[in-house]
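Enquirer: Quick paste from TrEMBL:
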{"type": "DOMAIN", "residues": "66-452", "note": "domain 'Major facilitator superfamily (MFS) profile'"}
{"type": "TRANSMEM", "residues": "99-121", "note": "transmembrane segment"}
{"type": "TRANSMEM", "residues": "190-210", "note": "transmembrane segment"}
{"type": "TRANSMEM", "residues": "216-238", "note": "transmembrane segment"}
{"type": "TRANSMEM", "residues": "276-299", "note": "transmembrane segment"}
{"type": "TRANSMEM", "residues": "311-330", "note": "transmembrane segment"}
{"type": "TRANSMEM", "residues": "339-358", "note": "transmembrane segment"}
{"type": "TRANSMEM", "residues": "364-380", "note": "transmembrane segment"}
{"type": "TRANSMEM", "residues": "392-415", "note": "transmembrane segment"}
{"type": "TRANSMEM", "residues": "427-446", "note": "transmembrane segment"}
Amino acid sequence: MEAMELHVITSTNATNPSTQTLSHLNRVLDSEIDTPKDIPITENAQQGGDKREEERAQYRSREYIQLAALYWCMFLAGWNDGSTGPLLPKIQEVYNVGYIIVSLIFVFACVGFISGACLNVPLSEKLGFGKTIVLGSFLQQTAYALQAPQLPFPVFVMTYTINGIGLALQDAQSNGFVASLKDHAETKMGLLHASYGAGALCAPLVATQFSQMKHWSFYYLVSLSVATINTIVQIAIFRFKTQDDCLAQIGQEPGEKGTSEHSHFRQIMSLKTVHLLAVFILVYVGVEVTVGGWIVTFIQTVRGGGSRSGYISAGFFGGLMIGRVALLWVNQKIGERRVLYIYSALAIGLEVVIWLVPSLIGDGVAIAIVGMLLGPMYPITMNHTGRVLPRWLLTGSIGWIAGFGQAGSAVFPFMTGALASKFGIKSLQPLLVSMMVSMTILWALVPGSPRKSD
């Protein structure tokens with residue numbers, strides 16, 4: 001019996017050589033793995049990983065440098081917009097003009113902004129990102145150089161057109177570039193516009209000092225210095241390169257291209273969403289610059305503030321800057337589209353308080369909080385634009401939206417001046433409340449769905 005069992009086992013092993021074969025292969029593979037032949041392969045893989053990590057670190061460093069250059073560019077934009085408020089009473093005094101005449105500053109600036117918005121698309125296609133942004137900075141240099149000598153009033157206001165074109169070109173290129181970034185674009189956009197707020201905060205602090213001097217127009221020499229530094233920085237960092245070339249330097253592939261045979265300008269003008277966003281930004285910028293530009297006059301005339309009331313304008317723009325950074329987490333928690341309604345409602349409530357409560361200190365604090373609530377709205381709009389519009393039209397579309405929107409910094413302050421000449425500067429607050437309500441309604445009309453993939 002035992003012999004039969006032994007025979008069966010022996011026969012089974014003989015008829016199943018695969019078992020022995022598999023065992024042999026496993027032993028061979030184990031021995032191969034244990035040999036030092038694979039050590040160079042592991043080292044090569046580690047070296048390859050280290051090299052990729054080093055490349056990513058280089059890309060991040062270049063991106064931070066590029067963003068720093070754009071942040072300085074927006075600092076200049078904020079510096080420009082924050083200058084007008086503290087200097088406006090001095091300009092009226094020196095040139096002996098009333099509210100409506102001094103408001104021509106905003107009209108000529110409006111012409112510049114609209115012209116810059118129209119020129120941005122063809123200039124971007126022909127010159128590219130690097131050359132266009134440097135051209136904008138150079139135009140601002142030219143404007144400040146002409147404003148410093150305190151030229152006759154007609155020439156002085158015409159320089160605001162040159163300034164407006166330069167500002168619109170830089171605004172479009174900076175926003176378009178950041179909106180094209182793929183990683184953490186929302187945070188980077190918030191920081192971009194916080195830089196604007198920083199410039200708008202610093203400018204009134206300096207302009208208020210110059211407004212009390214005999215040679216008040218020398219303030220524009222300081223502005224000229226800021227613009228000159230900006231031109232040098234843009235040339236040194238971007239070296240007149242196109243946006244795709246600059247993105248390639250940080251490891252990002254070029255954006256998608258459109259297949260339409262129509263020009264980019266015609267495609268942009270055919271998009272309803274672009275025009276809704278442009279009108280929204282028009283009213284938003286109008287509110288922002290009207291508060292920053294006329295609140296000093298309001299505080300001095302209606303609330304009896306002194307010559308240092310210009311610091312209230314600095315408080316407003318300081319709140320603007322803080323809001324664009326400190327409220328980033330709120331935007332992400334609630335959702336950028338929904339949170340804008342909350343900010344609008346709170347800002348409207350505070351404006352009603354400023355309108356009805358005659359308290360100098362209370363008004364100053366409320367104005368700063370209004371600035372903080374208004375601050376996130378612009379970067380939220382630019383982020384939303386990046387989500388709902390085609391990539392290949394993004395820079396041109398943002399250029400039109402930003403440029404057309406900057407016209408609000410001229411239209412509504414001029415309207416304020418016209419109303420003030422008839423009803424007094426006390427008409428400022430009801431105008432601001434109505435503008436904020438209109439702005440909220442416009443945001444509700446903007447589509448919330450993302451763009452369709454083409």
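Glycine residues also receive a Cβ, built from the backbone N, Cα and C atoms like all the rest.
Bear in mind that TrEMBL entries carry predicted annotations, made automatically and left uncurated.
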Enquirer: Taking the transmembrane segment (311-330) as the reference, which of 216-238, 276-299, 364-380, 392-415, 427-446 gives the largest number of Cβ pairs under 8 angstroms?
Expert: 364-380
Enquirer: Counting a contact as 3 or more Cβ pairs under 8 Å, with residues at least 6 apart in sequence, do the transmembrane segment (427-446) and the transmembrane segment (364-380) touch?
Expert: no
Enquirer: Using Cβ distances below 8 Å and needing 3 or more such pairs, separated by at least 6 in sequence, tell me whether the transmembrane segment (190-210) contacts the transmembrane segment (392-415).
Expert: no
Enquirer: Excluding the flanking five residues on each side, which residues at least 6 beyond the ends of the transmembrane segment (276-299) place their CB within less than 8 Å of a CB in that stretch?
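Expert: Distant Cβ neighbours of the transmembrane segment (276-299) are 81-82, 84-86, 88-89, 106, 200, 204, 305, 309-310, 312-313, 316-317, 320, 360, 363-364, 367, 370-371, 374, 377-378, 381, 384-385, 400-402, 404-409, 411-413, 416-417, 420, 425-426, 428-429, 431-432, 435-436, 438-439, 442-443, 445-447.
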Enquirer: Within the same chain, where does the transmembrane segment (392-415) have neighbours whose Cβ lies under 8 angstroms from its own Cβ atoms, ignoring anything closer than 6 residues to its ends? I mean 6 or more beyond.
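Expert: Distant Cβ neighbours of the transmembrane segment (392-415) are 81, 84, 103-104, 106-111, 113-114, 116-118, 120-121, 124, 129, 164, 167-169, 171-173, 175-177, 179-180, 243, 255-258, 264-265, 267-269, 271, 274, 277-290, 293-294, 381-382, 385-386, 431, 435.
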Enquirer: Sort out the residues at least 6 away from either end of the transmembrane segment (364-380), same chain, that have Cβ-Cβ distances under 8 Å to it, and list them.
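Expert: Cβ under 8 Å, 6 or more out: 186, 189-190, 192-194, 196-197, 281, 284-285, 287-288, 291, 295, 299, 312, 315-324, 326-328, 331, 336-337, 339-340, 343-344, 346-347, 350-351, 353-354.
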Enquirer: Take the transmembrane segment (216-238) and find every residue of the same chain, 6 or more past its ends, with a Cβ under 8 Å from one of its Cβ atoms.
Expert: 65-66, 68-69, 72-73, 75-76, 79-80, 83, 87, 90, 94, 129-130, 133-134, 137-138, 140-141, 144-145, 147-150, 206-207, 210, 246
